[in-house]
Amino acid sequence: MSYPNHSSPSSFILTGIPGLEDAQFWIAFPFCTMYFMAVLGNITLLLVIKMDPRLHLPMFYFLSMLAAIDLVLTTSTMPKLLSIFWFRSHEIDFEGCVAQMFFIHSFSAMESGILLTMAFDRYLAICKPLRYSTILTGPTIAKLGLAAAVRGVAIVTPLTCMVTSLSYCGPRVIHHSYCEHMSVVKLACGDTQPNSIYGITVATIVVGLDSILIAVSYMLILREVVGLSSREARLKSYGTCGSHIGVILLFYMPGLFSFYTQRWGQRIPAHLHILMADLYLLVPPMLNPFIYGMRTKPIRERVLTLLWQ
């Protein structure tokens, strides 16, 4: 099927996981379970932080931002993905595909920014405790959250405009579970190099800069922790930092794997690439409430109180 020059198709066809079509019905069950846990965990986190005045602190405000972003990130993809797996509802209209792509990429960039602010928050709390409350005031917290949101929207908006301006004159089948940028661009005819260059440059800068700054923050934290006199305090800090770093790696590594595989990973099996891309949008949002929330004593106590009332 072909389209006139400078035209867009009315819809695309999402294949799901190429090569695993027969298994998709069963794969949907663990995906649905993880999605349910992600939604339940993040909503619980938001409600607990809102209800308990003791949790109205910078760390928990950033955690609330992360939970809200995770809810949008998973909900922009999982319902459609599950409908593909269970009901073979493969078609998505062009506007819906572009909107899904915008939400996925912009909120992924926002999440990266919030993870950076949370690392900065922990650095101040552990390394500069006397200045913590004077630096992270209410207006500063709001500005940091707004900066992460504005940056995410600002860098993805040009990407979205570039996709909508392309001509689509070939097949309309997207070999993916959702509308990832390069998966859509591959269906366009004409010169798509600007899209590829812009996408790879933005992703590399955002992920590279944020991950380096996060790594520096945690190295400074660990250096401070080594000097603690109490062995128990050191072990607790190591455990907390270790779990945080684990979640951060789970967010960045599959995302980078998926992103670069779209461009240069032709030898990597398609089903492995797509599975990693799907889990990238599902596993971190599922784990974040437990790692950042339930491991935090005030939140754990509040949740247990609500459950046993």
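Glycine is treated like the rest: Cβ placed from N, Cα and C.
TrEMBL annotations:
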{"type": "DOMAIN", "residues": "41-292", "note": "domain 'G-protein coupled receptors family 1 profile'"}
{"type": "TRANSMEM", "residues": "25-48", "note": "transmembrane segment"}
{"type": "TRANSMEM", "residues": "60-78", "note": "transmembrane segment"}
{"type": "TRANSMEM", "residues": "98-120", "note": "transmembrane segment"}
{"type": "TRANSMEM", "residues": "141-168", "note": "transmembrane segment"}
{"type": "TRANSMEM", "residues": "197-221", "note": "transmembrane segment"}
{"type": "TRANSMEM", "residues": "241-260", "note": "transmembrane segment"}
{"type": "TRANSMEM", "residues": "272-292", "note": "transmembrane segment"}
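Same-chain residues lying 6+ beyond the ends of the transmembrane segment (60-78) with a Cβ under 8 Å from its Cβ atoms: 31-32, 35, 38-39, 42-43, 45-46, 49-50, 100, 103-104, 107-108, 110-111, 114-115, 117-118, 121, 141, 144-145, 148, 177-178, 278, 281-282, 284-285, 288-289, 292-293, 299. Among residues of the same chain six or more beyond the transmembrane segment (141-168), those with a C-beta under 8 A of the stretch's C-beta atoms are 3, 5-9, 58, 61-62, 65, 98, 101-102, 105-110, 113-114, 116-117, 120, 181, 184-185, 187-190, 192, 194-195, 198-199, 202, 206. Just going by CB pairs under 8 A, the stretch in 25-48, 98-120, 197-221, 241-260 that sits most against the transmembrane segment (272-292) is 241-260. Listed stretches 25-48, 98-120, 241-260 were compared with the transmembrane segment (197-221); the greatest number of C-beta pairs under 8 angstroms is found for 98-120. Counting only same-chain residues 6+ beyond the ends of the transmembrane segment (98-120), those with a CB under 8 A from a CB of the stretch are 59, 62-63, 65-66, 69-70, 72-73, 76-77, 80, 92, 144-145, 147-149, 151-153, 155-157, 159-160, 163-164, 178-181, 184, 206-207, 210, 213-214, 217-218, 244, 248, 251-252, 255, 281, 284, 292.
Mean pLDDT of the predicted structure over the domain 'G-protein coupled receptors family 1 profile' (41-292): 88.
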